[in-house]
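Novice: Dropping the structure in here first, questions after.
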Amino acid sequence: MTRTIRYVWAAVAIIASTSLFFTTVLAASADEWTKRSIYQIVTDRFALGNGASPSCDTGEKKYCGGNWQGIISKLDYIQGMGFDAIWISPVVENIEGTTEGGEAYHGYWAQNINSLNAHFGSADDLRSLSNALHERNMYLMVDVVVNHLVANPTSDSWPQTFDYSLLQPFGGSNCFHPECFITDYNNQTDVEQCWLGYSGLPLLDLDTENTTTVATMYNWVKDLVSDYSIDGLRVDTVKHVRKDFWPEFAANAGVYTVGEVFIGDVPYAAPYTNGLDSILDYPTYFAVYNAFTNGASGNMAVIADMVTQAQNQYNHGTFYVGSFVENQDNPRIQSVVSDQSIVKNVMTWPFINDGIPITYYGQEQGYQGGNDPANREALWSSGFNTESKPLLNHIKTLNAARKQAITYNPSFLYSKVNFIPQSSASSTLAVSKPPLLALLTNGGSSSTESWSIPNSAGLFSANETLVDVLTCETVVTGSDGSLSVTARDGLPKVFMPAKTLSPTGSVCAGEAEGPTGFNGA
């Protein structure tokens, strides 16, 4: 790859107010992140360090008590599903009290970027989380917001007035664009220089053309990453900041950066992959969501088309993208689809796609929240149960299979997903990323679907045994290396050649044909 793999190990002594921390700093590159699988957490809704389980009504939009110590206490739970990275909510101090949009429990309404959100814990707590992850060889991704800060209006007049002294380290109106709310998303100047929100909850737009403001943000992100040994950044509202701001921001961060460009259009989103390492792959997300949540009218062929566009137009292709099917800004799949066969098909997608798979907390427990704020439920209400949880086991298996594929095929991470045409193109998808072959359908549990993989695809040899890692059932290819599969339950299938599996591994060891001690290398 063109991007250099870079490790920066250093023993760093960080003196906090009460204690001395010695931590290892790993400046993780995009290439290093490709090997990872990310579990996304809304910090306030995940776990409490004291083990409490308070009531939490998402509709009230209030802090419920989740914190960084709570995350530390549940790392066994996260790692047990096979995840080796977490993405947490923004960590900086937010506006206090109740606004027209509720409290800032989510972390996206910053008021002082040089202080931490005390609701989540102290500086010591955040460093402890970073250290606890690194001791497990796990990565820490932190969400950051550059585009805006938030303050309550001090008058009802127009334009509104604000106490800019609260907005630190800026403190003056000259650091922000003049007040105007975005009304035309086809006007990129408006998108970048006008404000998100509305008169009751304005998000004051930072003037990222102001050289002083720009220098402040570049220095801030460098210090944030260094102070808390952060391995990667998810960057909010990227399309609302001029494109040429991002390359130096990413360079100052010195770690993997993945941006949110909330749009379903590849040509619009693609240029942002030139400034950051990559983006959350929203264009493909929308294609996947529509294909699986619209019943018989859902078209699986659109997924293949969108991925192909992204592969051709994103810088570095789709190898560094964040691949996801749920997050804090979009409805959970089970808010619109209850058929568990369809749910499992959707959940399979990020693990067999190009890029870095991201799973939103609660998906493994079958959470069903709709649009924000309903999709920000408290995970402690699940009891963190790992028994008799089909979706949790589904994720665990997919994580293990992906890791085995990475081990077996050195080119896996940088091989493009390929789509093998099917006769039922609207309801089936055959996705090849050797040694994985995924067969997906949106037909549901009452459907019967068939897939045909011709020998011209060049995937398998004659009479080769393949293992569906989701069931450990086997099939054998034809004498010409072709494959025909029929499923009567609408469940996804993820095949790997038996020769790629280890008899001592965690993926269908009983069906493995690799030698004892084989690790896929």
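Here the Cβ of each residue, glycine as well, is placed from N, Cα and C on the backbone.
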Novice: CYS64 forms a disulfide with which residue in TrEMBL, given the options CYS56, CYS175?
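Specialist: If we follow TrEMBL, the cysteine bonded to CYS64 turns out to be CYS56.
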Novice: Could you tell me which of CYS175, CYS194 is bonded to CYS180 by a disulfide, according to TrEMBL?
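Specialist: Of the listed candidates, TrEMBL names CYS194 as the partner.
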Novice: Which one is it: of the disulfide-bonded residues CYS64, CYS180, CYS194, which Cβ has the fewest other Cβ atoms within 10 Å in this structure?
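Specialist: Lowest Cβ count within 10 Å among the disulfide-bonded residues (CYS64, CYS180, CYS194) is CYS180.
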Novice: Summarise the model confidence on the domain 'Glycosyl hydrolase family 13 catalytic' (40-402) as a single mean pLDDT, whole number.
Specialist: 97
Novice: Compare the Cα of CYS64 (disulfide bond) against each of the binding-site residues ASN147, HIS240, GLU260, ARG376 and report the nearest.
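Specialist: Among ASN147, HIS240, GLU260, ARG376, ARG376.
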Novice: Quick check for you: of the recorded positions CYS56, ASP205, ASP236, GLU260, which have their Cα within 10 Å of the Cα of TRP109 (substrate binding site)?
Specialist: none
Novice: Sequence order is fine: just name those recorded positions in CYS180, ASP236, ARG376 with a Cα within 10 angstroms of ASN147 (Ca(2+) 1 binding site).
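Specialist: The recorded positions passing the 10 Å Cα test are ASP236.
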Novice: Can you give the largest Cα to Cα distance in Å, as a whole number, for the residues TRP109, HIS148, ARG234, GLY264, ASP329, ARG376 that bind substrate in the record?
Specialist: 25
Novice: Hey, how far is ASP205 (Ca(2+) 1 binding site) from HIS148 (substrate binding site), Cα to Cα, in Å?
Specialist: 4
Novice: Can you tell me how many other Cβ atoms are located within 10 Å of the Cβ belonging to ASP329 (substrate binding site)?
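Specialist: There are 16 of them.
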